[in-house]
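Step one of this worksheet: look at the structure below.
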Amino acid sequence: MAINIEYVILRHLQMELKAPFTTSFGTFQTKEFILVEVVDCDGVSGWGESVAFSVPWYSEETVKTNWHMLEEFLVPLLFSKPLRHPAELPERFAAIRQNNMAKAALEGAVWDLYAKRLGVPLCQALGGTKKEIEVGVSIGIQPTVDDLLQVIERYVAQGYRRIKVKIKPGWDVDVIRDVRRAFPDVPLMADANSAYTLADAKRLQALDEFGLMMIEQPLAADDLVDHARLQPLLKTPICLDESIRSYDDARKALDLGSCRIINIKIGRVGGLWEAKRIHDLCAERGVPVWCGGMLEAGVGRAHNIAITTLENFALPGDTAASSHYWERDIITPEVEVHNGLIRVPNAPGIGYDVDRRQVERYTQFAKLFHRTATA
């Protein structure tokens with residue numbers, strides 16, 4: 001089936017978070033991002049969302065660099081020759097080094113359009129089978145431990161299946177001890193966002209007594225070797241996040257023994273197709289995966305739901321309800337969580353309608369690219 005895209009619209013949005021979100025590398029009060037719309041010759045739209053932040057804390061990509069890459073390189077490549085399947089895009093985009101989040105935003109929009117043209121949900125187009133998915137919640141660093149415990153209590157009461165707590169040096173062992181004392185049976189994990197080095201191995205070993213599901217990305221964001229040295233020293237499984245940017249990174253991590261779990265983020269690895277390839281590799285190796293979050297708005301959240309329907313997404317992901325982050329999301333209906341579960345939508349494409357009124361409200365500026373102008 002030919003995918004005849006006539007034009008692409010890039011929109012720069014800014015949305016206010018309901019509460020500040022703090023990690024070991026910074027605090028977010030607003031989220032800027034690029035919303036990508038691709039429109040075919042029949043006027044059908046597909047939607048994608050860039051997950052890059054406005055500053056290069058998580059990776060080298062930012063909203064501004066993503067816009068530049070999309071405008072100058074990726075959109076022209078999309079229009080450069082006929083397209084029959086979204087899985088062709090990774091090879092087409094391979095001439096552009098890195099810039100995975102920009103690639104994923106455009107590829108995701110094409111996947112949404114492709115599924116709509118087939119008349120099937122995006123999850124089905126990807127090979128997913130689940131009708132509902134288990135989700136957890138990620139909680140940023142709080143002003144005090146009491147504040148953290150209150151936030152956790154609220155989300156446990158709402159039925160979330162897993163609690164993730166951000167840690168950093170000085171906010172780690174004692175904090176996790178207090179959390180575990182207050183919530184002895186809650187599935188719990190810690191996310192370090194690369195805040196430690198191998199010199200901190202004993203401090204990280206001290207977390208073993210708390211029965212954590214995993215510790216996420218304790219060491220450097222580009223490291224596999226030191227994680228392979230650290231993992232045998234810990235009872236707690238290491239989960240890699242920032243270190244895994246491709247199928248090859250995942251293969252090397254598994255070969256080295258750098259981790260026992262992998263967090264898959266669509267934007268970080270360059271798109272849905274690469275995410276699926278990593279999922280399939282981990283399934284073959286018996287390594288569970290889960291879907292991480294990047295403070296996505298509704299479109300990105302919908303893509304996360306779709307990929308999580310693949311069988312080896314065996315652990316609850318970070319795809320919390322829209323209301324966890326936003327007063328008003330950009331999709332209808334908004335993503336809702338009931339007893340720790342999200343029901344997977346069965347409408348074609350991402351399964352949610354984009355609320356153009358809300359998109360307009362949050363849009364700072366936009367630009368349209370027509371096939372004939374870029375071909």
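Backbone N, Cα and C atoms are what each Cβ position is placed from, and that goes for glycine too.
Marked as active site, proton donor by Swiss-Prot on the basis of sequence analysis: LYS166. Per Swiss-Prot, the feature Mg(2+) binding site maps to ASP191, GLU216, ASP241; the stated evidence is sequence analysis. If you look up Swiss-Prot, you'll see LYS265 marked as active site, proton acceptor, on the strength of sequence analysis.
In sequence order, LYS164, MET189, ALA192, ASN193, MET214, ILE215, GLN217, CYS239, LEU240, GLU242, ASN263, GLY292 are the residues of the same chain, not among ASP191, GLU216, ASP241, whose CB sits within 8 A of the CB centroid for the Mg(2+) site. Over all protein chains present, the Cβ of ASP191 (Mg(2+) binding site) has 26 other Cβ atoms lying within 10 Å. Among the recorded positions GLU216, ASP241, LYS265, the ones whose Cα is located within 10 Å of the Cα of LYS166 (active site, proton donor) are GLU216.
GLU216 (Mg(2+) binding site) sits 13 Å from LYS265 (active site, proton acceptor), taking the CA atoms of both as reference points. Ranked by Cβ neighbours within 10 A across all protein chains shown, the binding-site residues GLU216, ASP241 are led by GLU216. Counting Cβ atoms from all protein chains shown, LYS166 (active site, proton donor) has 24 others lying within 10 Å of its own Cβ.
Listed in sequence order, VAL51, ASP241, ALA275, CYS291, GLY292, GLY293, MET294 are the same-chain residues at least 6 apart in sequence whose CB falls under 8 Å from the CB of the residue listed as 'active site, proton acceptor'. LYS166 (active site, proton donor) falls within a strand when secondary structure is assigned with DSSP.
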